[in-house]
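Worksheet: the structure to be examined is printed underneath.
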Amino acid sequence: VSSCRGQKLAGGLRVASPCPLRQPAGAPSRGRGGKMRSSCVLLAALVALAAYYIYIPLPSSVSDPWKLMLLDATFRGAQQVSNLIHYLGLSHHLLALNFIIVSFGKKSAWSSAQVKVTDTDFDGVEVRVFEGPPKPEEPLKRSVVYIHGGGWALASASTSWSPSDGLWSWLEKKKVVVSIKALRMIPKVYFPEQINDVVRATKYFLEPKVLEKYMVDPGRICISGDSAGGNLAAAVGQQFTQDASLKNKLKLQALIYPVLQALDFNTPSYQQNMNTPILPRYVMVKYWVDYFKGNYDFVQAMIVNNHTSLDVEEAAALRARLNWTSLLPASIIKNYKPVVQTTGNAGIVRELPQLLDARSAPLIADQAVLQDLPKTYILTCEHDVLRDDGIMYAKRLESAGVEVTLDYFEDGFHGCMIFTTWPTNFSVGIRTRNSYINWLDQNL
């Protein structure tokens, strides 16, 4: 203990002066220690907030759940930033969100020794063409016209998120993929302009002189797409079967977790996966409203099926075409019950008649249209609000006499097929991609 000298007063008395405690050499001061403790508390709070934001309860059967949580949190963050930009009046939220998505994944057209990649346009529609190498034993190539997903509003064939960019192994076996690169999208155009773009580009490609240019076999062409792109592929497939002017027809259609109807947002998959990444029910309904340039005030009413209630006469004739109690197997229905409102909001369908148009909702097409469709592949995922759209469409096609392959992935989620490369590589993404490519290879 160190001593301190006092002050000498009259009479020889000493009064001790205040003596500060001495700290060992090198010891931090109290001020520094307090700052460190504050920093630790702040860091712990930030970690807790991040964990709270990222964590969402997921079924144990979903592929790579923690990676999916991180991916979903990233996408939600991008959506919230775009919503803020919209709120501040700087840009439409979908334009802002698309800018973020494309900025992170944009890829220029680059070729390799095995695959030639070129950007061009087909009748005014921008496309990216992937050409596999020629082979003497097979002078004409098989081909796929691919339409990317993104809610009719997001992404592009020029991003690394596009499934067409992941078909290299298949292309190396001498194929041609025409990927619709730049659809006109929401909010610049609305239904049915996206369909019109795909029709124009595909018809152009099917012209004999264009097929000859790319050395494509006119009898071995498939139309394909994922999510909203699957919706457009299905709509164009139906339209082409009724077009007598087309000399060359499609041999196949391949639909990846397609969105096929907007009449019932309470199918078992919509109920089961209402809050599941990457596509919660609320977001899907908003995409539909955006597609039709509708009012967001309709969203909550549509979620509970008020737009197709029993008093909405326009929907009555179509209800049987998506009666999931008869179209879905018991293993899918489980204990879920139909949500059918007695009275609802008939004004929604009157303001948005596109909801009942088979071009927007291919699942409700007439049986006479379905029976002329080509052999079909439909991929569905358990953890996806759109799972039952695909299963019901497969059932209706089979009933119409169409040969269908229904490829179901128990651990899959919406959009999984585009996530095949690090750091967003999912095991189910690789398996879905390989299964899709194998089917094309065996059937096209």
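Even glycines carry a Cβ here, placed using N, Cα and C.
Now, the feature entries from TrEMBL:
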TRANSMEM  40-58  transmembrane segment
DOMAIN    144-298  domain 'Alpha/beta hydrolase fold-3'
ACT_SITE  S227  active site
DOMAIN    357-417  domain 'Alpha/beta hydrolase fold-3'
ACT_SITE  D384  active site
ACT_SITE  H414  active site
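Here the C-alpha separation of D384 (active site) and S227 (active site) works out to 11 Å. Taking the Cβ of D384 (active site) as centre and 10 Å as the limit, one finds 27 other Cβ atoms among all the protein chains shown. Note on S227 (active site): other Cβ atoms within 10 Å of its Cβ, all shown chains, come to 31. In this structure, the CA atom of H414 (active site) is 8 Å away from the CA atom of S227 (active site). Other Cβ atoms within 10 Å of the Cβ of H414 (active site), summed over all protein chains shown, number 25.
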